[in-house]
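Feature annotations, courtesy of TrEMBL:
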BINDING   A:HIS176, A:ASP177, A:HIS180, A:GLU192  Zn(2+) binding site
REGION    A:271-300  region 'Disordered'
COMPBIAS  A:271-290  compositional bias 'Basic and acidic residues'
Amino acid sequence: MKAPTTPLRTLLRKPIPHPYQFLPAVTIATSISHSHNATFSVLNRPPPNYPGHVPLTRLERAALALGSGILSLRDPHRGDLIAALGEATATPYFIHRLHRAMLSSLTGRRILRDRPRITSQSLNLPYLRSLPTNTVGGTYVAWLDREGVSPDTRADVRYIDDEECAYVMQRYRESHDFYHALTGLPIVREGEVALKAFEFANTLLPMTGLSLLAVGTMKPVERARFWYVYGPWAVKNGLKSQEVINIYWEEEMETDVQELRDRLGIEQPPDLRDIRKREREEKRRAKERANGNPAAPAVA
Amino acid sequence: MELLLLPGRQVRRPALKLCRTGSLRVSARIRRAYSSKPQPDIYDVVCVGGGPAGLSLLTALRANSATAGLRVALVEAQDLNKTRSWTLPPDRFSNRCSSLTPSSARFLDKIGAWSHVKQERVQPYQEMQVWDGVTDARIEFDWAQGATGSTIAYMTENLNLTSGLLSRLDELGGTTIFNAAKVENITLGEDTEDLDLSQWPIVHLSGGKQLAARLLVGADGANSPVRTFAEIKSRGWDYNRHGVVATLQLEDHGWGGDAMKIAYQRFLPTGPIAMLPMPGKFSTLVWSTTPSNAVLLKSLPAKDFIALVNAAFRLRTVDLDFMHTMTSGQDDELAWRLQHTSFVAEAIPQTVVGVQEGTIASFPLKMRHADTYIGERVALIGDAAHTTHPLAGQGLNLGQADVESLAKTIEYSVLHGQDLGTRMSLEGYNSERYTKNHVFLGVVDKLHKLYSFENGPLVPLRSLGLNAVNAMRPLKNFLMDQAAGKGVKLF
Ligand SMILES: Cc1cc2nc3c(=O)[nH]c(=O)nc-3n(C[C@H](O)[C@H](O)[C@H](O)COP(=O)(O)OP(=O)(O)OC[C@H]3O[C@@H](n4cnc5c(N)ncnc54)[C@H](O)[C@@H]3O)c2cc1C
């Protein structure tokens, strides 16, 4: 493979362009059969199954996974790359697991029927701000405001062929911020990694597992905390709690966060922000002590 | 002449002669002359059970000139007059149907019964589509292009078959029928001065009548009282599954029209669901499923029952599992899921649009095999000897093969002047049928187990198996020859 294939090339640019702009007249012709759909080559790409869908050949899909994987490790802030990596590795197997999980649940099936989208338009943000802070909605907006993000920062699904599975991926992606609210894990890298580990145990999506490679990029003390505290918590809770993909968030805004956790069987992990704050304090005091201020106590 | 009646001493005399003596009269005389106790009527063959197996056996014996002289009796607990007068309008079908293989049909023809079966209600089929509900691996059975007209099997209502057999048996005459008579007890006879019946089974009927049998045939179904009398153990297990049956109406006459009928079977983790063609727009359903699912299916209103049947041939197993937790609304759920499920319409049965009233029923499925089919003066045939999972649709055909074999064995004894009831005379029947049935029951049992896995290492392997068989025309032809009874006889 000399030149990167089309989807990879589109990924190298930053804001995501319209997919068809980049469909080439001629590129490498591949005709490897593609999941259970009919075989096609890049020369006769089938029409999209839903608006924004880009049907890929198997080779292109592999290239997309490889390319987005490498690039996103180099630049972890590229949400679009992580999204593409998620889609490329979720098919053809793992997305079906998540799909099945939704189809096995009454609420999951309702979500699939209604297909709610989580955007700043679909959510009534002013109303959520008026909710008490212990509610799901209150916690969620507080989190959005603190992190300075909006519900609209999630990329659209493009590389998953089955139209319903594409929605499942979209829903999973859009629910991510609620998982923060539910677990209370902060958006800092350490919290994000713990949350990914939880999601991996809960959804088995390979991309969530791959993002655990980021453990290697953490500070030694954080890494130790991951192995001894958050990792074990994530695996235990991710496996034993109900599938978080089946939460109809739109209907749970007024619910008490703790009540929802109890219903799903999720224990709240130790407060990471707290721990980190204490740690910083301790460091500061140690520094002060070193600078000749023996009055400062040794422990926080 | 009376000597002939002494069973212990007439081994070398042809049974034929015995029967021509009119033993009923003779035995009556003996009773009057020598005994105050009620004496049993003596028969060469007493067959308990007037189902497909029992009726076929008696018809076979009566239709063959070599055995037509035997004194034979039939005992049946149900009222056979109901079977005799059985009739249904052309657009209604009984829910108990069986697929008769061409070899069963040939045998029925040989004994003159096939023409008594209402042919307009029999539906031959030429193609079979079998697939895996989890992986979608598929195997198609049809004859090579150009060989059209080759029949895989004939779908026949059990009642059409039994009423046809009964009509043929009535036509042949000479069978003493104890109708609506239940077997209450079976004992061994007594050794009196003139008659040593101590090795002979005596069948006691509900009215007090007693029948002594040179050969007692158990064609009395899965709970065979004859088998119990003979102390033959029957081993096996319950599948913890029920077979749900129903008569269905489809949107049309099938994808191949009336000339090319297709049988369909999809293996679901709970068990296979089969739809077998009947004449016109009708089909019969055999759905093996869990007892609780069977209860649900029987409780649903018609439109939701129909929706679940259509779903079972089309949707993913996760959808099906969920729809079995609903107590209503399957109809609406199916309409939604069909929009998100892809399948090739022509590869599955046409849409079911109706179910005939009162035809939804269910039967527990068991696998049982008697340790042997014979004892001294006892032989077992049909379900009395073996019951199998209906996934291969062969239960009744195995019984027909038993009948053919036992009739041949009896004929041999008669022609060679042997006592037809001794274990030695019956040995040929047992050795011809036992191993074949045993292999068959084993294969069916393993198939059932193999397909009840939803995931695990066997799932990809089994689809590999199905796909590979599908790709191999010679192997497929061999299997089809087996089904049609054309090839080297294995089962
Ligand atoms: C759901 C289902 C689907 C099936 N599908 C097929 C198929 O597609 N193809 C196929 O080949 N087979 C099929 N079978 C099997 C088939 O129906 C049986 O194998 C067949 O009916 C057995 O015939 P039989 O004569 O041995 O026994 P039975 O039909 O059971 O007859 C036994 C008879 O003995 C009588 N009897 C019992 N006890 C007494 C007594 N004490 N006194 C007097 N009479 C007595 C009964 O009244 C009955 O008439 C299916 C079975 C089930 C349950």
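Backbone N, Cα and C atoms are what each Cβ position is placed from, and that goes for glycine too.
Just so you know, TrEMBL annotations never went through curation; they're auto-generated.
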Among A:HIS176, A:HIS180, the most crowded of the binding-site residues [Cβ within 10 Å]: A:HIS180
Residues close to Zn(2+) site centre defined by A:HIS176, A:ASP177, A:HIS180, A:GLU192, Cβ within 8 Å: A:PHE178, A:TYR179, A:LEU185, A:ILE187, A:LEU195
Binding-site residues listed as A:ASP177, A:GLU192, least Cβ neighbours within 10 Å: A:GLU192
